[in-house]
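Visitor: Please see the structure below; I have some questions.
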Amino acid sequence: MEKQNHSMVSEFILLGLTESRELQILFFLFFSIIYTSIVLGNLMIIFVVKMDHQLHSPMYFLLANLSFIDMPLASFATPKMLNNLIREYYSISYEGCMTQMFFLHLLGGSEMMLLVAMAVDRYIAICKPLHYKTIMNNCVCTGLILLSWTTGLVHTMSQMVFTVTLPFCGPNVLDSFFCDLPRVIKLACTDMYILELLVIADSGLLSLFCFIILFISYSLILITVQHRSSRGSSKALSTLSAHITVVVLFFGPCVFIYVWPFNSVSIDKILSVFYTIFTPLLNPIIYTFRNKDMKSALRKIKTTYMSSRSTF
(Lines of atoms letter the chains of each structure in order from A and count residues from 1; the text may use other names and numbers.)
(Lines give C-alpha, C1' and ligand atoms only; values in the text may rest on other atoms or scores of the structure.)
Protein backbone atom coordinates (compact mmCIF):
# COMPACT_ATOMS: atom_id res chain seq x y z
CA MET A 1 0.00 0.00 0.00
CA GLU A 2 2.84 2.36 0.79
CA LYS A 3 4.35 1.85 -2.65
CA GLN A 4 1.01 2.76 -4.23
CA ASN A 5 0.85 5.95 -2.18
CA HIS A 6 4.32 6.89 -3.36
CA SER A 7 3.31 6.46 -7.00
CA MET A 8 -0.15 8.07 -6.85
CA VAL A 9 1.11 11.50 -7.92
CA SER A 10 2.51 11.15 -11.44
CA GLU A 11 2.52 14.87 -12.24
CA PHE A 12 2.30 18.29 -10.64
CA ILE A 13 0.06 21.14 -11.80
CA LEU A 14 1.86 24.47 -12.16
CA LEU A 15 -0.42 27.50 -11.82
CA GLY A 16 2.18 29.66 -13.58
CA LEU A 17 2.52 33.42 -13.44
CA THR A 18 -1.03 34.46 -14.32
CA GLU A 19 -4.44 33.13 -15.33
CA SER A 20 -5.06 35.92 -17.86
CA ARG A 21 -4.76 34.60 -21.44
CA GLU A 22 -3.69 38.01 -22.75
CA LEU A 23 -0.90 38.26 -20.15
CA GLN A 24 0.17 34.70 -20.91
CA ILE A 25 0.72 35.56 -24.57
CA LEU A 26 2.53 38.76 -23.59
CA PHE A 27 4.74 36.87 -21.11
CA PHE A 28 5.48 34.23 -23.75
CA LEU A 29 6.77 36.83 -26.21
CA PHE A 30 8.65 38.77 -23.53
CA PHE A 31 10.37 35.80 -21.89
CA SER A 32 11.16 34.22 -25.28
CA ILE A 33 13.18 37.34 -26.15
CA ILE A 34 14.79 37.36 -22.69
CA TYR A 35 15.73 33.68 -22.87
CA THR A 36 17.21 34.05 -26.35
CA SER A 37 19.23 37.04 -25.12
CA ILE A 38 20.51 35.02 -22.14
CA VAL A 39 21.76 32.19 -24.32
CA LEU A 40 23.31 34.45 -26.96
CA GLY A 41 24.81 36.86 -24.39
CA ASN A 42 26.49 34.16 -22.32
CA LEU A 43 27.65 32.27 -25.42
CA MET A 44 29.18 35.54 -26.63
CA ILE A 45 31.16 35.95 -23.40
CA ILE A 46 32.48 32.38 -23.59
CA PHE A 47 33.39 32.85 -27.28
CA VAL A 48 35.13 36.21 -26.76
CA VAL A 49 37.15 34.94 -23.78
CA LYS A 50 38.16 31.87 -25.80
CA MET A 51 39.15 33.83 -28.93
CA ASP A 52 40.98 36.85 -27.44
CA HIS A 53 44.37 35.91 -25.95
CA GLN A 54 44.45 39.09 -23.89
CA LEU A 55 41.49 37.72 -21.94
CA HIS A 56 43.27 34.47 -21.07
CA SER A 57 43.58 35.41 -17.41
CA PRO A 58 42.08 33.94 -14.21
CA MET A 59 39.41 36.65 -13.94
CA TYR A 60 38.02 36.03 -17.43
CA PHE A 61 38.41 32.27 -17.08
CA LEU A 62 36.13 32.44 -14.03
CA LEU A 63 33.79 34.84 -15.86
CA ALA A 64 33.46 32.41 -18.78
CA ASN A 65 32.59 29.65 -16.32
CA LEU A 66 29.98 31.92 -14.71
CA SER A 67 28.38 32.30 -18.14
CA PHE A 68 28.58 28.53 -18.60
CA ILE A 69 26.55 28.08 -15.38
CA ASP A 70 24.10 30.89 -16.15
CA MET A 71 22.88 29.29 -19.37
CA PRO A 72 21.61 26.04 -17.76
CA LEU A 73 20.45 28.04 -14.72
CA ALA A 74 18.12 29.93 -17.05
CA SER A 75 17.26 26.75 -18.98
CA PHE A 76 16.20 24.37 -16.21
CA ALA A 77 12.74 26.01 -15.97
CA THR A 78 12.31 28.70 -18.65
CA PRO A 79 11.65 26.43 -21.72
CA LYS A 80 9.02 24.51 -19.72
CA MET A 81 7.46 27.79 -18.57
CA LEU A 82 7.31 29.05 -22.17
CA ASN A 83 5.72 25.79 -23.26
CA ASN A 84 3.10 26.03 -20.52
CA LEU A 85 2.29 29.65 -21.39
CA ILE A 86 0.94 28.61 -24.79
CA ARG A 87 -0.98 25.63 -23.44
CA GLU A 88 -4.20 25.47 -21.46
CA TYR A 89 -2.98 22.71 -19.14
CA TYR A 90 0.11 23.53 -17.10
CA SER A 91 1.71 20.37 -15.81
CA ILE A 92 5.07 18.73 -15.22
CA SER A 93 5.78 15.06 -14.63
CA TYR A 94 6.99 13.81 -11.25
CA GLU A 95 10.39 12.97 -12.77
CA GLY A 96 10.57 16.36 -14.47
CA CYS A 97 9.78 18.10 -11.19
CA MET A 98 12.54 16.25 -9.34
CA THR A 99 14.96 17.00 -12.19
CA GLN A 100 14.18 20.73 -12.04
CA MET A 101 14.86 20.85 -8.30
CA PHE A 102 18.08 18.86 -8.69
CA PHE A 103 19.52 21.22 -11.31
CA LEU A 104 18.27 24.36 -9.56
CA HIS A 105 20.26 23.59 -6.42
CA LEU A 106 23.21 22.11 -8.32
CA LEU A 107 23.61 25.24 -10.44
CA GLY A 108 22.66 27.65 -7.66
CA GLY A 109 25.17 26.16 -5.22
CA SER A 110 27.86 26.07 -7.91
CA GLU A 111 27.30 29.73 -8.80
CA MET A 112 27.45 30.80 -5.15
CA MET A 113 30.87 29.21 -4.74
CA LEU A 114 32.02 30.53 -8.13
CA LEU A 115 31.14 34.09 -7.05
CA VAL A 116 33.27 33.48 -3.96
CA ALA A 117 36.13 32.32 -6.19
CA MET A 118 35.80 35.48 -8.29
CA ALA A 119 35.90 37.62 -5.13
CA VAL A 120 39.03 35.83 -3.92
CA ASP A 121 40.59 36.35 -7.35
CA ARG A 122 39.92 40.10 -7.18
CA TYR A 123 41.24 40.24 -3.60
CA ILE A 124 44.56 38.66 -4.62
CA ALA A 125 44.80 40.80 -7.79
CA ILE A 126 44.24 44.09 -5.94
CA CYS A 127 45.68 43.39 -2.49
CA LYS A 128 48.61 41.14 -3.48
CA PRO A 129 49.38 42.10 -7.10
CA LEU A 130 53.04 40.98 -7.01
CA HIS A 131 52.04 37.42 -6.10
CA TYR A 132 48.94 37.26 -8.29
CA LYS A 133 50.33 35.19 -11.17
CA THR A 134 52.04 32.81 -8.78
CA ILE A 135 48.96 32.24 -6.62
CA MET A 136 46.28 32.21 -9.34
CA ASN A 137 47.92 29.67 -11.63
CA ASN A 138 46.11 27.23 -13.92
CA CYS A 139 45.93 24.49 -11.29
CA VAL A 140 44.36 26.84 -8.73
CA CYS A 141 41.79 28.15 -11.25
CA THR A 142 40.84 24.62 -12.29
CA GLY A 143 40.62 23.63 -8.62
CA LEU A 144 38.27 26.55 -7.90
CA ILE A 145 35.97 25.46 -10.73
CA LEU A 146 35.94 21.86 -9.50
CA LEU A 147 35.27 23.10 -5.96
CA SER A 148 32.32 25.14 -7.21
CA TRP A 149 30.71 22.19 -8.98
CA THR A 150 31.45 19.86 -6.07
CA THR A 151 29.81 22.29 -3.66
CA GLY A 152 26.72 22.48 -5.88
CA LEU A 153 26.55 18.69 -6.17
CA VAL A 154 26.85 18.14 -2.40
CA HIS A 155 24.31 20.91 -1.79
CA THR A 156 21.67 19.45 -4.09
CA MET A 157 22.25 15.81 -3.12
CA SER A 158 21.95 16.61 0.60
CA GLN A 159 18.38 17.77 -0.05
CA MET A 160 17.23 15.64 -2.97
CA VAL A 161 18.19 12.36 -1.29
CA PHE A 162 15.37 13.00 1.18
CA THR A 163 12.93 14.59 -1.29
CA VAL A 164 12.79 11.70 -3.79
CA THR A 165 11.72 9.31 -1.01
CA LEU A 166 8.77 11.44 0.13
CA PRO A 167 5.22 10.08 -0.34
CA PHE A 168 3.15 12.34 -2.63
CA CYS A 169 -0.35 10.94 -2.41
CA GLY A 170 -2.58 13.98 -2.08
CA PRO A 171 -2.59 17.52 -3.55
CA ASN A 172 -0.31 18.16 -6.53
CA VAL A 173 -0.90 21.87 -7.30
CA LEU A 174 2.06 24.27 -7.14
CA ASP A 175 1.40 28.01 -7.27
CA SER A 176 4.59 28.66 -9.21
CA PHE A 177 6.00 28.31 -12.74
CA PHE A 178 8.58 25.67 -11.76
CA CYS A 179 9.17 23.08 -9.06
CA ASP A 180 10.76 24.73 -6.06
CA LEU A 181 11.85 22.62 -3.11
CA PRO A 182 10.13 24.54 -0.26
CA ARG A 183 6.77 24.38 -2.10
CA VAL A 184 7.04 20.77 -3.28
CA ILE A 185 7.85 19.23 0.10
CA LYS A 186 4.75 20.89 1.58
CA LEU A 187 2.65 18.64 -0.69
CA ALA A 188 4.07 15.43 0.79
CA CYS A 189 1.73 13.18 2.78
CA THR A 190 3.81 13.29 5.95
CA ASP A 191 5.05 15.71 8.59
CA MET A 192 7.56 18.01 6.87
CA TYR A 193 8.68 20.13 9.82
CA ILE A 194 12.13 18.53 10.17
CA LEU A 195 12.80 18.47 6.41
CA GLU A 196 11.72 22.10 6.06
CA LEU A 197 14.23 23.00 8.78
CA LEU A 198 16.87 20.98 6.93
CA VAL A 199 16.19 22.84 3.67
CA ILE A 200 16.39 26.23 5.40
CA ALA A 201 19.53 25.23 7.30
CA ASP A 202 21.23 23.77 4.22
CA SER A 203 20.50 26.69 1.91
CA GLY A 204 20.93 29.20 4.73
CA LEU A 205 24.34 27.91 5.85
CA LEU A 206 25.69 27.80 2.31
CA SER A 207 24.37 31.31 1.57
CA LEU A 208 25.70 32.64 4.89
CA PHE A 209 29.12 31.05 4.42
CA CYS A 210 29.48 32.45 0.90
CA PHE A 211 28.18 35.86 1.93
CA ILE A 212 30.64 36.15 4.84
CA ILE A 213 33.61 35.34 2.60
CA LEU A 214 32.34 37.79 -0.03
CA PHE A 215 31.82 40.51 2.58
CA ILE A 216 35.32 40.03 4.02
CA SER A 217 36.95 39.93 0.58
CA TYR A 218 35.25 43.06 -0.73
CA SER A 219 35.79 44.94 2.54
CA LEU A 220 39.53 44.25 2.39
CA ILE A 221 39.60 45.25 -1.27
CA LEU A 222 37.81 48.55 -0.57
CA ILE A 223 40.23 49.33 2.25
CA THR A 224 43.19 48.61 -0.02
CA VAL A 225 41.78 50.64 -2.91
CA GLN A 226 41.41 53.71 -0.67
CA HIS A 227 45.20 53.81 -0.25
CA ARG A 228 45.95 53.58 -3.96
CA SER A 229 46.35 56.28 -6.60
CA SER A 230 43.20 57.79 -8.04
CA ARG A 231 43.76 56.19 -11.47
CA GLY A 232 44.35 52.73 -10.04
CA SER A 233 41.47 53.16 -7.65
CA SER A 234 38.96 54.08 -10.35
CA LYS A 235 39.80 51.00 -12.45
CA ALA A 236 39.66 48.71 -9.42
CA LEU A 237 36.40 50.24 -8.23
CA SER A 238 34.88 49.83 -11.69
CA THR A 239 35.67 46.11 -11.70
CA LEU A 240 34.67 45.78 -8.06
CA SER A 241 31.31 47.49 -8.54
CA ALA A 242 30.42 45.01 -11.31
CA HIS A 243 31.21 42.07 -9.01
CA ILE A 244 29.27 43.53 -6.09
CA THR A 245 26.26 44.22 -8.33
CA VAL A 246 26.19 40.59 -9.49
CA VAL A 247 26.52 39.34 -5.90
CA VAL A 248 23.62 41.51 -4.70
CA LEU A 249 21.41 40.46 -7.63
CA PHE A 250 22.15 36.79 -7.02
CA PHE A 251 22.08 36.56 -3.23
CA GLY A 252 19.19 38.98 -2.65
CA PRO A 253 16.42 36.76 -4.08
CA CYS A 254 18.05 33.63 -2.59
CA VAL A 255 17.85 35.07 0.93
CA PHE A 256 14.18 36.02 0.62
CA ILE A 257 13.09 32.76 -1.05
CA TYR A 258 15.01 30.20 1.01
CA VAL A 259 15.91 31.91 4.28
CA TRP A 260 13.58 34.83 5.01
CA PRO A 261 10.19 33.74 6.42
CA PHE A 262 8.05 35.20 3.62
CA ASN A 263 4.72 33.59 2.85
CA SER A 264 3.56 35.92 0.07
CA VAL A 265 3.09 33.95 -3.16
CA SER A 266 3.26 37.07 -5.34
CA ILE A 267 6.58 38.17 -3.84
CA ASP A 268 8.01 34.66 -4.19
CA LYS A 269 6.97 34.55 -7.86
CA ILE A 270 8.60 37.89 -8.63
CA LEU A 271 11.82 36.89 -6.87
CA SER A 272 11.80 33.49 -8.58
CA VAL A 273 11.53 35.16 -12.00
CA PHE A 274 14.34 37.53 -11.08
CA TYR A 275 16.54 34.74 -9.72
CA THR A 276 16.09 32.25 -12.58
CA ILE A 277 15.72 34.57 -15.58
CA PHE A 278 16.85 38.15 -15.04
CA THR A 279 20.07 37.44 -13.12
CA PRO A 280 21.51 35.22 -15.92
CA LEU A 281 20.58 38.03 -18.34
CA LEU A 282 22.10 40.84 -16.29
CA ASN A 283 25.43 39.07 -15.75
CA PRO A 284 26.62 39.36 -19.38
CA ILE A 285 25.27 42.92 -19.56
CA ILE A 286 27.12 44.00 -16.41
CA TYR A 287 30.39 42.27 -17.28
CA THR A 288 30.36 43.19 -20.98
CA PHE A 289 29.13 46.77 -21.22
CA ARG A 290 30.92 47.88 -18.04
CA ASN A 291 34.23 46.20 -18.93
CA LYS A 292 36.72 47.96 -21.19
CA ASP A 293 38.68 44.79 -22.00
CA MET A 294 35.53 42.94 -23.09
CA LYS A 295 34.36 45.87 -25.22
CA SER A 296 37.81 46.13 -26.80
CA ALA A 297 37.84 42.39 -27.55
CA LEU A 298 34.37 42.62 -29.12
CA ARG A 299 35.49 45.50 -31.35
CA LYS A 300 38.59 43.56 -32.36
CA ILE A 301 36.59 40.45 -33.29
CA LYS A 302 34.07 42.60 -35.19
CA THR A 303 36.87 44.33 -37.13
CA THR A 304 38.51 41.00 -37.96
CA TYR A 305 35.18 39.57 -39.12
CA MET A 306 34.41 42.59 -41.33
CA SER A 307 37.90 42.48 -42.84
CA SER A 308 37.60 38.77 -43.66
CA ARG A 309 34.23 39.36 -45.36
CA SER A 310 35.57 42.25 -47.45
CA THR A 311 38.28 39.99 -48.91
CA PHE A 312 35.68 37.69 -50.51
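Placement of Cβ uses the backbone N, Cα and C atoms for every residue, glycine included.
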Visitor: What range among 135-157, 158-180 does TrEMBL describe as transmembrane segment?
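Guide: In TrEMBL, the transmembrane segment feature sits at 135-157.
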Visitor: Quick one: find which recorded stretch in 25-48, 60-82, 102-123, 205-225, 272-289 has the most Cβ pairs under 8 Å with the transmembrane segment (135-157).
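Guide: Between the candidates 25-48, 60-82, 102-123, 205-225, 272-289, the best contact partner of the transmembrane segment (135-157) is 102-123.
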Visitor: I need to check the long-range neighbours of the transmembrane segment (25-48): which residues 6 or more away from its ends have a CB within less than 8 Å of a CB in the stretch?
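Guide: Contacts of the transmembrane segment (25-48) (Cβ under 8 Å, skipping residues fewer than 6 from its ends): 17-18, 55, 63-64, 67-68, 70-71, 74-75, 78-79, 81-82, 85-86, 277-278, 280-281, 283-285, 287-288, 294, 297-298, 301.
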